[in-house]
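Q: Dropping the structure in here first, questions after.
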Amino acid sequence: MAKKVFVKTFGCQMNEYDSDKMVDVLNAAQGYEPTQDVEEADLILFNTCSVREKAQEKVFSDLGRIKHLKARGVKIGVGGCVASQEGDEIIKRAPYVDVVFGPQTLHRLPELLAQREALARPQVDISFPEIEKFDHLPPARVEGASAFVSIMEGCSKYCSYCVVPYTRGEEVSRPFDDVLVEVAGLADQGVKEVTLLGQNVNAYLGKMGGTAEVADFALLLEYVADITGIERIRFTTSHPNEFTQRLIDAYARIPKLVSHLHLPVQHGSDRILMAMKRGYTAMEYKSTIRKLRAIRPDLAMSSDFIVGFPGETEDDFGKMMKLIDDIHFDNSFSFIFSPRPGTPAASLHDDTPHEVKLRRLQELQAVINANIKSISESRVGTVQRILVEGASKRDGSELMGRTECNRVVNFAGHPRLVGQMVDVTITEAKAYTLRGEVVTADHGALAAH
């Protein structure tokens, strides 16, 4: 009987990708199969995130909840960014943990588990061995028509509030050919949509075929678009400073590049942006969006916002709200500033009451939610191209898929539509989703009847 591994993932899409790779590595090396039931697992892994406040305490709290499972011989591992930050401290506080590993050493999981058995003591490896992990990962196993592909690791921007360079290392790009081989392999398995991942994906500079030449992100997009079977290309996360004219022009050259962009701005006040060490002004950010929308007028924008950064005044907050009004964001991920240990911003004087920060966050989210509602309602009556992902979470008898602009659409349809591209007429706008009716279906798949 195959051993079972349960993986709990916290945080970003990079972590989702890494969690899938953990399962692939363990399956190839030791025959582990994934399970969604922690009670039947032989191995439990937490893939952690340290971006938000109290992330470490959350991990130790969750570890405490599964400690009782050690009685039947379950192995426990902690990976991800909290593992990188805490290292041996995790073993000191939770000595029942068997292995601790960082984002760059997940490929060593089978080896670490074997050493845990042989040496009868916990193993810790949170080193940064460049891009080595990608050389040791088995071919991806995918289910469905959409997949993530990591093209680079780390970040070299060192924004004053951000812990990523310290937990994932500086920017290292995967070789150009390696990325294309992975995407082509996914296309052979029926994947139609790929999301290219990196902490700063548009800073990509991949070596080409063992030569001294390097490919930038715009060139990588062109080659990915040429791979047979790939119909949609997404990417996240990008940095405004690396949004070059070549990358902007790619939106004119590459129809497969979706009209949806997540481009974190973080704030709308130049004073706060400077304190954050973001390296651009609000006007420069808006200029990039204007250029993009000159090419793609229907480009949907989402972003990240930090409210209550140390020293933020009502005037600063007002400038952020004006930027939101100017851009008309389609969605956002917005948070109250939380100091991360070891970052420059953690030592900044912060005298803004929490109640004020909370009020500002609520105001910001109210405006974004109004934008979401308005944009969703404007889609009613239009025909949207949908990639069908599977059963609807609202109603298992229906299907769900995503528009090019990343809106979830629920609709009645035959299960054979899963994995296909279909045209759907939008009939109703819900709070965060749309409803629709199938118009056509590719490849002879059947609409509901």
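Just so it is clear, glycine is given a Cβ too, placed from its N, Cα and C backbone atoms.
Swiss-Prot lists C12, C49, C81 with the feature [4Fe-4S] cluster 1 binding site, giving sequence analysis as the kind of evidence. Sequence annotations record features per position, and here Swiss-Prot assigns [4Fe-4S] cluster 2 binding site to C155, C159, C162. According to Swiss-Prot, the feature domain 'MTTase N-terminal' maps to 3-118, an assignment based on sequence analysis. Positions annotated as domain 'Radical SAM core' by Swiss-Prot: 141-376. According to Swiss-Prot, the domain 'TRAM' annotation covers 377-440, on the basis of sequence analysis.
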Q: For the domain 'TRAM' (377-440), what does DSSP give as the number of helix, strand and coil residues?
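A: Tallying H, G and I as helix, E and B as strand, the rest coil: 6 helix, 35 strand, 23 coil.
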Q: In the domain 'MTTase N-terminal' (3-118), how many residues does DSSP put in helix, strand and coil?
A: 67 helix, 23 strand, 26 coil
Q: In angstrom units, rounded to an integer, how far apart are the Cα atoms of C162 ([4Fe-4S] cluster 2 binding site) and C81 ([4Fe-4S] cluster 1 binding site)?
A: 12
Q: Distance between C49 ([4Fe-4S] cluster 1 binding site) and C155 ([4Fe-4S] cluster 2 binding site) at the Cα atoms, whole Å?
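A: Just about 15 Å between their Cα atoms.
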Q: What are the other residues, in sequence order, whose C-beta lies within 8 angstroms of the center of the C-beta atoms of C12, C49, C81 at the [4Fe-4S] cluster 1 site?
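A: Nearby residues not in the site list: F10, G11, M14, N15, T48, S50, V51, G80, T167.
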Q: What Cα-Cα separation, expressed in whole Å, is found between C159 ([4Fe-4S] cluster 2 binding site) and C12 ([4Fe-4S] cluster 1 binding site)?
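A: About 18 Å separates the two Cα atoms.
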Q: Might you list, by sequence position, any residue in that chain lying six or more from C12 ([4Fe-4S] cluster 1 binding site) with a Cβ less than 8 Å away from its Cβ?
A: C49, V51, T237
Q: Per-residue pLDDT averaged over the domain 'Radical SAM core' (141-376) comes to what?
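A: The predicted confidence over the domain 'Radical SAM core' (141-376), as a mean pLDDT, is 95.
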